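Quick look at what Swiss-Prot annotates:
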| type | residues | note |
| --- | --- | --- |
| BINDING | 48, 70, 71, 164 | Zn(2+) 1 binding site |
| BINDING | 50, 168, 189-194, 212-217, 252, 276, 299-301 | NADP(+) binding site |
| BINDING | 101, 104, 107, 115 | Zn(2+) 2 binding site |
């Protein structure tokens, strides 16, 4: 085994068959493999809140059967004849994308996540007409351009959530020039992405305030994650005292919420960076932005280049993800708990250690 040239394979995964979102075994054919492809045996796959949206058709764009999962870590089993970046036996990662046009402004700038013709790692159609399926499966085939090198020394189960949640917070801090030590940042929402935000911001030398709707995560934020301050959004006095204090806020909340209370926390030229996938309009009055030259912006995961840079940063700083490892037979329960925000802070599925039965 060493190279692959257009041989089809079957694999088995867990798929949602309808908007109930219940995952059951599903055997399917992997797309044709070619000279630029990498055949990967999946070891671990993270569970993201967007997976929950997809399996339940919350965004009205789901196609079934659907194998979710876009935080994939696995072992290279074979490579195509043109593959130069990877070799058999290496541990690699795959994130949210498996294709792009390679000729637009975004692709030319190596920010392929903003390509209008990007191809999602699941619930999409590949260039050969086959439906893409995700990481809750035994194996996958991915073009080498979208496969991520993983630095030696990083535990594979730790890497899985970094391929989405980790780079999601790292990318805007890098792009918007917010990596300077001493900045004061806010993390709105302390879930899977939010806990990554605290870790990355602290590692950059920032003063970090966690903002939440209740005080139930205060101890975790301050003692376990090392945040410097904790604000409860309903605490009028505390919010007023914190006005004009933050250089940026990373807003990870995945449901509709008012923006004005958080805009008031920003300094002049401060940035509110939206990351949650929300299918209802958000509202604010324009003076909240105008009178402080503040910005409401967004950011979407990160490029392969940014992901590899973030993984090196993670290794250099000695950071770890706070995860709960589960096997495939627990995945439906994991989604139930995720829907109730009952996870600390990210589920990772041990795919290699799971049994698949059709």
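Please read every residue number as a count from 1 along the shown chain.
Note: Cβ is positioned from N, Cα and C throughout, glycine not excepted.
Summarising the environment of residue 107 (Zn(2+) 2 binding site), the number of other Cβ atoms within 10 Å of its Cβ, over all protein chains shown, is 19. Most Cβ neighbours within 10 Å among the binding-site residues 50, 213: this distinction goes to 50.
Residue 216 (NADP(+) binding site) is 46 Å away from residue 104 (Zn(2+) 2 binding site) when you measure Cα to Cα.
If you take the C-beta of residue 190 (NADP(+) binding site) and look for same-chain residues 6 or more apart in sequence within under 8 angstroms, you find 198, 210, 212, 217, 220, 221, 225, 345. One way to see the shell of the Zn(2+) 1 site is to take the Cβ centroid of 48, 70, 71, 164; the remaining same-chain residues with a Cβ within 8 Å of it are 45, 46, 47, 50, 51, 69, 95, 96, 135, 160, 161, 163, 165. Per-site Cβ counts within 10 Å over the binding-site residues 115, 193, 301 peak at 193. Here residue 115 (Zn(2+) 2 binding site) is compared against the binding-site residues 216, 276, 301, and the shortest C-alpha distance is to 301. DSSP assigns residue 107 (Zn(2+) 2 binding site) to a helix in the three-state reduction.
Counting every protein chain shown, the Cβ of residue 164 (Zn(2+) 1 binding site) has 27 other Cβ atoms within 10 Å.
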